[in-house]
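Take a look at the structure set out below.
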Amino acid sequence: MSQYVSRLGQRRTRPSQQPRLRFPGRRPRRVAMLSVHTSPLHQPGTGDAGGMNVYIVELARQLAAQGTEVEIFTRATTGALEPTVELTPGVLVRHIDAGPYEGLAKEDLPAQLCAFTHGVMQVWAGHRPGYYDLVHSHYWLSGHVGWLAAQRWGVPLVHAMHTMAKVKNACLAEGDAPEPAARVIGETQIVRAADRLIANTGEEADELVRHYEADPANTAVVHPGVNLDRFRPGDGRAAARARLGLPQEAVVPLFAGRIQPLKAPDVLLRAVALLVDEEPGLRARLVVPVVGGPSGSGLAKPEELQKLAARLGIADLVRFHPPVGQERLADWYRAASVLVMPSYSESFGLVAVEAQACGTPVVAAAVGGLPVAVRDGESGYLVEGHDPADYARRLRLFIDDSTRAERMGAAAARHARGFGWDAAAADTLDVYTAALQARRRRLRSPHG
Ligand code: UDP
C-alpha cells in the first residue's frame, strides 16, 4: 500500500481530540460537505440511508470537535424542513431545493444536479469570499456538484466514492440489476477532477487505481470509525435479550442493514434452513432477527425475503423488524450470538464493526472492507463466496460451542476499539491539509 499518500488509518493510538497532523500546515476552518441524495438526518438502515449517512454525521461531529466547522448540503425531501438545521455546534445541515420533495428516486437525481448546484451557489454567494476552504463530496452525484463548486471557489475538492459502479457490477448478486454506464462515466470524471480521493481501505484505493485510473499519490486511505460510546458491550448479552424479549438460551444469528440482493440476507436464511434440515431439533433453539428495511433493487420486491423464509420452511424462526435507532440497534448487536453479513460487495461494512464493538463476533463475506473490519478466526470468520453451506458451517461452530460467542465477542470488542471516529477525523484532516498545501504550491509555481 506504500504507493498511496499514506496508510493514514493505521494510526490508532492517538488520544482523542488531539490530532497530530502528519502534514503540519493550515487546516480548513470550514468545509462544505456534499451529500446530495441522502440526508444525515435520515434514519439509516432502509432506502437510500445507510452507512454513508452515519459516516457523514460522525465525521462532521468529530471534525467540528477538532476545530473545523462543517456545513452539509443535502437535497430537501419534505417541505417541513427548516432551510438549516444545527446537528451539533459546528455542524450545520443545509437543505437545498432541487426538484420535487417526493417521487424522485436516486436514479432520477442526475437530472437535478444543476438545480442542486444552483442552490449551493446561492448559499455561497451570500457569504464573504473564502467562506469555505474546501469541498468534501460523498458519492458520485455529490462529486459532480463538488467539481463545479470547488473550481468556482478556488478550493480543493476531496471526494469519497463510498461505492463504485464498476466494483458493484463485477460482483452482482444473481439477477441483480447492474449500475448504468452513465454512473461509470460520472465516476471517471470525478476521479480526474478531485484533488484527493479518500478510500475506506487499501483495497478500495486499489480499485480506484485499477478501475478508474486514479493517481495513487492523490489517493488516501482512511478507515471509517465506529461510535464507541454508543456501540459497547454495555450490560451484556443476557440483559439485551431480556430487553428485546429474546430467549436466553437461543442461538441468534442477526442480519442488520438494508435489505437488498447486494447484502445477501437470503444467504443467511438459506444457511439457517440447511442447519434445520440437518438437525430438526435446532428449530427450537434458533431465532433469526432481520433488522432493516428494503433498499435499492430490493425495493421492487419488498416482501421477497419474507416469502423466501416461508418457502424455506423457516418463517417461524425469522423475525423481521423495521430499522431502529442506533441505541436500540446496539441492543440487537449485544443480544445476537453472531452478526452475519454475506454481502456481495461492501465498501466498508459499518455494521460489522458496530456489532464487534458491542462484543459480538461476525461471520462475513470476504469482500470489500470486511477483511479489514473482521479478524478471521479471532473476532469472527470471513467466508469466500456465497454458498449457504459455507455460512451454515461457520454458524454450526457457534451452535456446537456455546462459549464461542463470548470468547470471540471479547476479541471482537478489543479489535473494534481500534476504529474511533476521532482518529478517522484526524486522518481526514491530514488529507484536507495536504490538499490545501498542494493547491497553494501549484498557485505559487510559475507554471501555475
Ligand atoms: N443502521 C441503523 N439502523 C438499522 C440498521 C442499520 O441505524 O436498523 C445503520 C447501522 O448502524 C450502520 C448503517 O446503518 O451504521 C449501515 O452501514 P453499513 O456500512 O453496514 O452498510 P451500508 O448501508 O452503507 O451499505
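Using N, Cα and C of the backbone, Cβ positions are placed for all residues, glycine too.
Those TrEMBL annotations? Automatic predictions, nothing curated.
What TrEMBL records for His37, Asp48, Ala49, Gly50, Gly51, Met52, Asn53, Lys106, Tyr139, Thr163, Arg183 is 1D-myo-inositol 3-phosphate binding site. As annotated by TrEMBL, UDP-N-acetyl-alpha-D-glucosamine binding site applies to Gln43, Pro44, Gly51, Arg258, Lys263, Val324, Glu346, Glu354. As annotated by TrEMBL, Mg(2+) binding site applies to Tyr333, Arg334, Ala336, Thr360. What TrEMBL records for 50-225 is domain 'Glycosyltransferase subfamily 4-like N-terminal'. Per TrEMBL, the feature domain 'Glycosyl transferase family 1' maps to 239-413. According to TrEMBL, the region 'Disordered' annotation covers 1-23.
Shown on the structure are the features that TrEMBL records.
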residue	record	contacts (Cβ under 8 Å, 6+ apart)
His37	1D-myo-inositol 3-phosphate binding site	Asp48, Arg75, Lys106, Leu109, Tyr139, Leu141, Ser142
Gln43	UDP-N-acetyl-alpha-D-glucosamine binding site	Ala49, Pro323, Gly325
Gly51	1D-myo-inositol 3-phosphate binding site	Pro44, His162, Pro224, Ser347, Phe348, Gly349, Leu350, Val351
Asn53	1D-myo-inositol 3-phosphate binding site	Ser35, Thr38, Ser39, Pro40, His42, Pro44
Arg183	1D-myo-inositol 3-phosphate binding site	Trp140, Ala165
Val324	UDP-N-acetyl-alpha-D-glucosamine binding site	Gly45, Val291, Trp332
Arg334	Mg(2+) binding site	Pro233, Gly234, Gly236, Arg237, Ala239, Ala240, Cys358, Gly359, Thr360
Ala336	Mg(2+) binding site	Val252, Pro253, Leu254, Pro289, Ala355, Thr360
Glu346	UDP-N-acetyl-alpha-D-glucosamine binding site	Ala365, Val367, Gly368, Gly369, Leu370
Neighbour-count leader, CB within 10 A, binding-site residues: Arg258, Lys263:
Lys263
Taking the mean position of the Cβ atoms of Tyr333, Arg334, Ala336, Thr360 as the Mg(2+) site, which residues outside that list, in the same chain, have a Cβ no more than 8 Å away, listed in sequence order?
Arg237, Ala240, Leu254, Ala330, Asp331, Trp332, Ala335, Leu339, Ala355, Cys358, Gly359, Gly409
Just to be sure I understand the contacts, which binding-site residues have a Cβ under 6 angstroms from any atom of ligand 1? Candidates are Pro44, Tyr139, Tyr333.
Pro44
Rounded to the nearest angstrom, how far is the Cα of Tyr333 (Mg(2+) binding site) from the Cα of Arg258 (UDP-N-acetyl-alpha-D-glucosamine binding site)?
15
Measuring Cα to Cα, how many angstrom lie between Lys263 (UDP-N-acetyl-alpha-D-glucosamine binding site) and Tyr333 (Mg(2+) binding site)?
17
Winner by Cβ contact number (other Cβ atoms within 10 Å) across the binding-site residues Tyr139, Tyr333:
Tyr333
Between the Cα atoms of Tyr333 (Mg(2+) binding site) and Glu354 (UDP-N-acetyl-alpha-D-glucosamine binding site), what distance do you get, rounded to the nearest Å?
8
For Glu354 (UDP-N-acetyl-alpha-D-glucosamine binding site), nearby residues of its own chain (Cβ under 8 Å, 6 or more apart in sequence):
Val226, Asn227, Phe231, Gln326, Leu329, Ala330, Tyr333, Ala416
According to DSSP, which kind of secondary structure is Asn53 (1D-myo-inositol 3-phosphate binding site) found in, if we only use helix, strand and coil?
helix
Taking every protein chain in this structure into account, which of the binding-site residues Pro44, Ala49, Thr360 has the most other Cβ atoms within 10 Å of its Cβ?
Thr360
